[in-house]
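One structure below.
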Amino acid sequence: MPTYRSKTSTAGRNMAGARSLWRATGMKDDDFSKPIIAVVNSFTQFVPGHVHLKDLGQLVAREIEAAGGVAKEFNTIAVDDGIAMGHDGMLYSLPSRDIIADSVEYMVNAHCADAMVCISNCDKITPGMLMAAMRLNIPVIFVSGGPMEAGKTRLANPVTKAIEVKKLDLVDAMVIAVDPSYSDAEVAEVERSACPTCGSCSGMFTANSMNCLTEALGLSLPGNGTVVATHADREQLFKRAGRRIVELTRQHYEQDDERVLPRSVGFKAFENAMTLDIAMGGSTNTILHLLAIAQEAGIDFTMKDIDRLSRVVPQLCKVAPNTNKYHIEDVHRAGGIMAILGELDRAGKLHTDVPTVHTPSLKDALDQWDIVRTQDDAVRTFYQAGPAGVPTQVAFSQNTRWPSLDLDRAEGCIRSYEHAFSKEGGLAVLTGNIALDGCVVKTAGVDESILVFEGTAHVTESQDEAVENILNDKVKAGDVVIVRYEGPKGGPGMQEMLYPTSYIKSKGLGKACALLTDGRFSGGTSGLSIGHCSPEAAAGGAIGLVRDGDKIRIDIPNRTINVLVSDEELARRREEQNAKGWKPAQPRPRKVSAALKAYAKLVMSADKGAVRDLSLLDD
């Protein structure tokens, strides 16, 4: 029977000093016999996805205490990728994932907490906390701050000129801002309307993708990924999480039940999470994060597994940025993540014998929460929770209900296998002589006309250079824009390339160009945008051998990407590059801090999840 970790600092005469300090935090005599549960919050006023979390940690804490536990809250950092985008601030985004994981480990182990509730939301915070959860392997429940409501405004149709109500998100503001066909007044209106409420950005971007994946991993409650941040129903998720974590903690320490530990989810749950991601056309960043989380869990889940799944899993859901028709609030109306998992189950694409934090198995969860099969009217009412359309930074501030559910599995937001958007899913892994260890593309955002594309290399050696060339019309139709030395080591920090892809789209080249990088993309990216090219240029990857004018062939159906240069020529170029060193041809005006240099020393390429190479720490 495992011993409560907290007893290390609360039991025995020799811990009198520690207990004295615990008492100074408000603990009483009878509290020392209770489990100590960490409430891991990520409140910050810098990030709209986290601006409303300040009081929610204490909301969870009160429920923990009412259920018989002791709650102790602390905070992690949180970087807003959208605000950090397009300047050197983005160098810090991916490294912050590891800082978050480390900070959770430090706090929980230093204070011997028995379990934790992780309150996350945006891009690197959920993955960082998931990495920590797997590393610590103590009972945990995730509850996110929830998605933002989609924005709305009235704009003239660029073709018909008729005034239309248009749903908006962050990416629309970026694209329209550099489109000369829109007036300054229209750009200002979109800017003010695109992000109307607190919450994670409203499309199937990285933050929402990861919060949805926690449901598939079995580590959060149904609705975690899809109930909008402003809706009163989300308050119940926080309260239930607080009560449930006490039950899970007792199951582990008092009943020796290892099924409640995060590592118990196993390989099958990682397959389920990736299957969901492919089916819903999630962010390519989720691949990076799942690989990293699997490494922390000690699970051998690799790019080969992702490639295998991408060939057999259908795309059942298409949401912004892959379409303007649907946002996360529409996914919820169609039954949320449990509905997508239900359709995958009926298609024979899911492992349902894995545990969740709220049911003994995923099968039990689907029986209760899949709106196609449930008999529970309360569940149906839950999935009618909708947006109010009122700008606010206040959580749980409205109780709007959709008049009906979206149960149309032929033409609705969520499709059945028979009516899938495509029989192959929304993500693909490509390999070839330019990416020996693979690269990834969100096929859900690629127009069918360019699934096979042959173009001319336009080489840039930083995101800044790529943006400058695109805006100055140096990039032409038929080009493959190469953005290299932006990987985890080469950046350092593996910047997101949302600005280059948005500007390509705004220049009318979205169906006429491709972009290939050893960096990564925002979840808001669409188009023929291929990232995570591994090995990266700074690690000797072949993307560093490409030259202006080389022909590059991309074949998504056959999962290949190649520079059309002979092996002999590539070998000659490699010898030349070895002599020069694997770095940009010209020094970049980029200030790299000591913290980023330390990160670059240990980090591996994207195909390994951009985690630290721990072998470098061996004696």
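Each Cβ is built from the backbone N, Cα and C atoms, and glycine gets one as well.
Per Swiss-Prot, active site, proton acceptor is recorded for S522. Sequence annotations record features per position, and here Swiss-Prot assigns Mg(2+) binding site to D81, D123, K124, E496. Marked as [2Fe-2S] cluster binding site by Swiss-Prot on the basis of sequence analysis: C122, C201. Annotation source Swiss-Prot lists N6-carboxylysine at K124.
Taking each Cβ in turn and tallying the other Cβ atoms within 10 Å, the top scorer among the binding-site residues C122, C201 is C201.
Taking the mean position of the Cβ atoms of D81, D123, K124, E496 as the Mg(2+) site, the remaining same-chain residues with a Cβ inside 8 Å of that point are V79, A84, M90, S93, L94, C122, T206, A207, N285, S522. Within the same chain, the residues at least 6 positions away from D81 (Mg(2+) binding site) whose Cβ sits under 8 Å from its Cβ are M90, S93, C122, D123, K124, T206, E496, S522, listed in sequence order. For the binding-site residues D123, E496, counting C-beta atoms within 10 A of each C-beta gives the highest total at D123. DSSP classifies E496 (Mg(2+) binding site) as strand under the three-state reduction. The Cβ neighbour count for S522 (active site, proton acceptor), using a 10 Å radius and every protein chain shown, is 30.
DSSP gives C201 ([2Fe-2S] cluster binding site) a coil state; it is part of no helix or strand.
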